[in-house]
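Taken verbatim from TrEMBL:
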type     : residues : note
REGION   : 44-85    : region 'Disordered'
COMPBIAS : 44-61    : compositional bias 'Polar residues'
COMPBIAS : 63-74    : compositional bias 'Basic and acidic residues'
COMPBIAS : 76-85    : compositional bias 'Polar residues'
TRANSMEM : 114-138  : transmembrane segment
DOMAIN   : 117-495  : domain 'Major facilitator superfamily (MFS) profile'
TRANSMEM : 144-167  : transmembrane segment
TRANSMEM : 179-201  : transmembrane segment
TRANSMEM : 207-229  : transmembrane segment
TRANSMEM : 241-258  : transmembrane segment
TRANSMEM : 313-335  : transmembrane segment
TRANSMEM : 378-397  : transmembrane segment
TRANSMEM : 403-426  : transmembrane segment
TRANSMEM : 438-460  : transmembrane segment
TRANSMEM : 472-493  : transmembrane segment
Amino acid sequence: MESKQHEININTIPAAAREPETTITSALPQQTLVISTVPLSRSNTTISENTQHASPTSITHKSLKDDNSQDGDHWSPSTISTPVNAQELPLKQEKQGWIATFLKSLNEGGTKGWLAVLGSFLIHCFVFAPTEFIFGIFEHHYQIVFPGASASSIAFVGTTGSGITYLTGFLSGIVADRFGYRPTAFVGTVIMTVSLVLASFSTALWHLYACHGVLFGFGASFAYTPAIAVPSQYFSLNRGLVIGLAVSGTGMGGFVLAPMTQALIDRLGVFWTLRVIALLTFVKGQDQHQELSTTRKKPSFFQSLHVLKDPQFMSLTLANVTVSIGYLVPLYYMQTYAVFIGLTPEQGALILGLANGSGFAGRVLLGLIADRVSNTKTLLFSAWATAFSVMVLWFIAKSFGTLLLMGITFNIFAGCYISLVPVAVAESFGTQTIASMIGLMYAVGGIAIWVGSPLAGFILDSTLPNLSYTPVIWTAGVSVLLAALFVTSWAIFHWRAIRTPVAGRLQAIDTL
């Protein structure tokens, strides 16, 4: 048994200290808090802390005469006894180490919370793959199927899908907050499946725009927005980790689907491959679990728009807009760039798959670091690391190894815009209407999606007949650099908000 005593001098007597004797009893789970107060004078207070397992903590006030006190006005002995589990005391938690505390905190969301994370993970495996993470493979073969189409026009198919996904995010977010996450995601999964099947019968480029682009993007929005919002409803202590696990499905999906898609195209052709992926999308999409069981608040359209006045939200939104211009460029052109520097299409697909796989690990790792260190600092560092990977590493990527290094670095840190931004939104504004807020942010960024990849394709075509990827790299690099600057702006506003809390906003919990 270890006992500690600390002397605390109290210089001011609260007015309540001169009231008649009062006893307050508060019933708490597995413990009862009893507070007794009597008329007291200024005194020294001795705090005895018994750190034995499941032992009480007591605070004893001893009478001590004060020069300024009136006769008979003194502190009489009183005790505050709080039976608590010593393992819950901060001092004991420090002794146990952060690992034990971390493992215990994983029970926060319960079984239902972890099933929600699993469902979100499965949706993320397929929701972005056909339009982002493996579209570069489809793009290469679409150019063969439609030989008269330019690189920019082919790239616009995937860009359309991604743009629609983000642009309609505000609508899908409101629907999810109003009607529930699971039914909204189910409708999105069905639409995605139908769109890929229809795209497999395309005989003209505009068919791909309509099916692989617009229709798939609309369905992906209804599946994605609930999937990114639901983990925050169950977890707060490890919110970065659970969101990282959920969105790591994008990396895992790209890691598995990239080489698989290339192999299927080699054996079945591009259109039968679309049908196979459509089937996988439907089957895995139905494995999602558990919408929120609590009653949903039904926010109005105008209530959801109030965050546009907040500098934190606007900084994050502008970061999302600028990064959206260049975010898809490495993903779309990594395989064609690999062929450009002398590698085979199979090597390019392998690099893309490994890069996507690193994104899986990166999203989980960034979330874990954000919970242990600081979400703000982790997001800030990752944003600048993303800019470095494009503006430096891509320029020197002239071999299999250097291009793989660039792809892995980019996918690890660029995932911060997917995994850590929702954490920032939840910490700053709460989770009641998080789907609507994230949807609004992505809707604005969706406009920029339509600019980036087609612009890169147009710039690439303009370099012919002397093909050069240097202007394309500059385009992507400048956009992610601007995004890093806006993230820095957000971090400044965020730290100021912690020092000066704003009414109505959930105070962030980052440690400065």
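Just so you know, the numbers here start at 1 and follow the chain as drawn.
Cβ from N, Cα, C; glycine included.
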- Note on the structure: The mean pLDDT across the domain 'Major facilitator superfamily (MFS) profile' (117-495) is 84
- Here the stretch out of 144-167, 207-229, 313-335, 472-493 with the most C-beta pairs under 8 Å to the transmembrane segment (403-426) is 313-335
- Message: Which sequence-distant residues neighbour the transmembrane segment (207-229)? Criterion: at least 6 residues beyond either end, Cβ under 8 Å.
- Response: 119-120, 123-124, 127-128, 130-131, 138, 142, 156-169, 171-173, 175-176, 181-182, 184-185, 187-196, 198-199, 201, 243, 246-247, 274, 285, 288, 291, 418, 422, 431, 434-435, 438-439, 442
- Message: Given a Cβ distance threshold of under 8 angstroms, which distant residues of the chain, six or more beyond its ends, lie next to the transmembrane segment (241-258)?
- Response: 109, 113, 117, 120-129, 133-134, 137, 227-228, 230-232, 234-235, 277, 349-350, 352-368, 370-371, 411, 415, 418-420, 422-423
- For the transmembrane segment (179-201), sequence-distant contacts whose Cβ falls under 8 Å of one of its Cβ atoms, 6 or more beyond its ends: 119, 123, 126-127, 130, 172, 207-208, 210-212, 215-216, 218-227, 229-230, 271-272, 274-275, 277-279, 281-282, 285-286, 288, 290-292, 296, 435
- Interface present between the transmembrane segment (114-138) and the transmembrane segment (378-397) (three or more C-beta pairs under 8 A): no
